[in-house]
Amino acid sequence: MAGDQLTVLNALDVAKTQMYHFTAIVIAGMGFFTDAYDLFCISLVTKLLGRIYYHVDGHPKPGTLPPGVAAAVNGVAFCGTLAGQLFFGWLGDKMGRKKVYGITLILMVVASLASGLSFSSSPKGVMATLCFFRFWLGFGIGGDYPLSATIMSEYANKKTRGAFIAAVFAMQGFGILVGGIVALIVATAFDNKFKAPPYADNAIASTVPQADYVWRIILMFGAIPAALTYYWRMKMPETARYTALVAKNAKQAAADMSKVLQVEIEAEEEKVDKIAQKGNNSFGLFSREFVKRHGIHLFGTASTWFLLDIAFYSQNLFQKDIFTGIGWIPPAATMNAIHEVYKIARAQTLIALCSTVPGYWFTVFFIDIIGRFAIQMMGFLMMTIFMFAVAIPYDHWTKRENRIGFVAMYSLTFFFANFGPNATTFVVPAEIFPARLRSTCHGISAAAGKAGAMVGAFGFLYAAQSTDPSKTDAGYPPGIGIKNSLIMLGCINFAGMLCTLCVPESKGKSLEELTGENEDNDETGQAATTARTVPV
């Protein structure tokens, strides 16, 4: 380590795991809990929205959302998230992490409540209002990605930094799980209170008027955990790395971290001034120097997140169709509207419980042992293998006697997504870029991921349709079928393996070692090469 390392930053790097680490994980993690809940709960209620607002008298099947409406409802939050990641990522580097952190949370709470209060005199009006508020919900959620990752990265010690950042992201698994549980509870309560016949027996009576409350309650519940963490977010001090390296306020950084670490830390104003004057601490995002030092790294973090999210989000969004195909969810006409929500939520909850949540925590436990690169490469490889294993003999898995084997294989793809690139693509961008650009670059990488999510959300709604025109959902043209869609996702996972070769290993190094911010000018090139893309 160079001699210019600030005492306050070194104190953070070598600090033993303390209560403030866990406090930061919970405060940042509850934001991700809410993020996941809000982004994924919409897939639980889209079938219900179709029944309520797009019923067709005399039709043999319940109403479904038209293709354009379904794509908008499923994907509009991703559009907002992408915009929020870019905007708040940039703002976090300009104004500071803490100042922006509260804004995103308020936006999430207000938009989450407003989503459940989407009213109008026409179905089109309800959907338009819902999409409007879900865009702004996504905008707030988007800001949470770069800010939570950057704050946790800059608070953590270098020995367990990966586990701490991954633990924040792992709260996403609990958000998905609780989304399913909330839907189960609400659907069970309403189904027992308001009895209704299956659609095939009485189409009109199968959707009771009270079903309109079900989706609203499920969507609005996401505001509660976010609101509970606002006070604690506002009490967190600004990170020392931003205060010292970006705001150039050594005295404030030392004072803040003295309280956090409960030790006396000297304010080294001369060192901060010396570091600020170095040429390698002044280049901007669009400079030739940035491209030379970090261009391939930004390409690696953005491309792997883009490819991962195509596969990850498309799986989540049409998993209810897969469950229908293998018989986990009965034909829609054999259920009433609320019971269908129950069946879809049960399937998603089981997948989350068996594979999604465990995968996240495997990453937390192993990321600082075997490293980010190895976990990401292994995850993409296993996702590729299991996706092809599900897709190629897909007809075999649709037979009733093979249902358990199918669910096991499908669950394993989720397990290795989360014990793999879904976690590491979040961790690495918060570590390998300079403090003054860290939040921005994480936001760019995350936005690339959400662009991939939109490809999955919009594209695969169409792609997964049957090749037989008579078997497609109402309003959809024939697609390539679920089998071919899964094969395509397997190829995308393989491409993710190749792009992982551009991502550096950051295990066990301080943030300043990785970025060269404290290195002398003649040492900078050497520092950059230590962050090689492929560990040897």
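Quick reminder: no glycine exception, Cβ is built from N, Cα and C everywhere.
The compositional bias 'Acidic residues' annotation in TrEMBL covers 514-523.
According to TrEMBL, the feature compositional bias 'Polar residues' maps to 524-536.
Residues or ranges marked as domain 'Major facilitator superfamily (MFS) profile' by TrEMBL: 24-508.
Residues or ranges marked as transmembrane segment by TrEMBL: 20-45 (among others). Proximity of distant same-chain residues to the transmembrane segment (20-45), defined by a Cβ-Cβ separation under 8 Å and at least 6 residues beyond the stretch ends, is recorded for 73-74, 77-78, 81, 104-105, 108, 112, 134, 137-138, 141, 144-145, 148, 151-152, 155-157, 160, 164, 167-176, 178-180, 182-183, 214-215, 218-219, 221-223, 225-226, 228-229, 232-233, 236, 260-261, 316-317, 319-320, 341, 344-345, 348.
Residues annotated as transmembrane segment in TrEMBL: 65-88 (among others).
Nonlocal intrachain contacts for the transmembrane segment (100-119), taken as residues 6+ away from its ends with a CB within less than 8 angstroms of a stretch CB, comprise 31, 34-35, 38, 84, 88, 91-92, 126-127, 129-130, 133-134, 136-137, 139-144, 147, 151, 215-220, 222-223, 226-227, 229-230, 233-234, 236. Residues annotated as transmembrane segment in TrEMBL: 100-119 (among others).
For 163-190 (among others), the entry in TrEMBL reads transmembrane segment.
According to TrEMBL, the transmembrane segment annotation covers 213-232 (among others).
Proximity of distant same-chain residues to the transmembrane segment (349-367), defined by a Cβ-Cβ separation under 8 Å and at least 6 residues beyond the stretch ends, is recorded for 162-163, 166-167, 169-170, 172-174, 176-177, 180-181, 184, 319, 375, 407, 410-412, 414-420, 422-424, 427, 507. Taken from TrEMBL, the feature transmembrane segment applies to 349-367 (among others).
Marked as transmembrane segment by TrEMBL: 373-392 (among others).
The transmembrane segment feature in TrEMBL is assigned to 404-421 (among others).
Same-chain residues lying 6 or more positions outside the transmembrane segment (213-232) and placing a CB less than 8 Å from one of its CB atoms are 23, 26-27, 30-31, 33-34, 37-38, 41-42, 44-45, 48-49, 52, 102, 105-106, 108-110, 112-113, 115-118, 179, 182-183, 186-187, 190, 338, 341.
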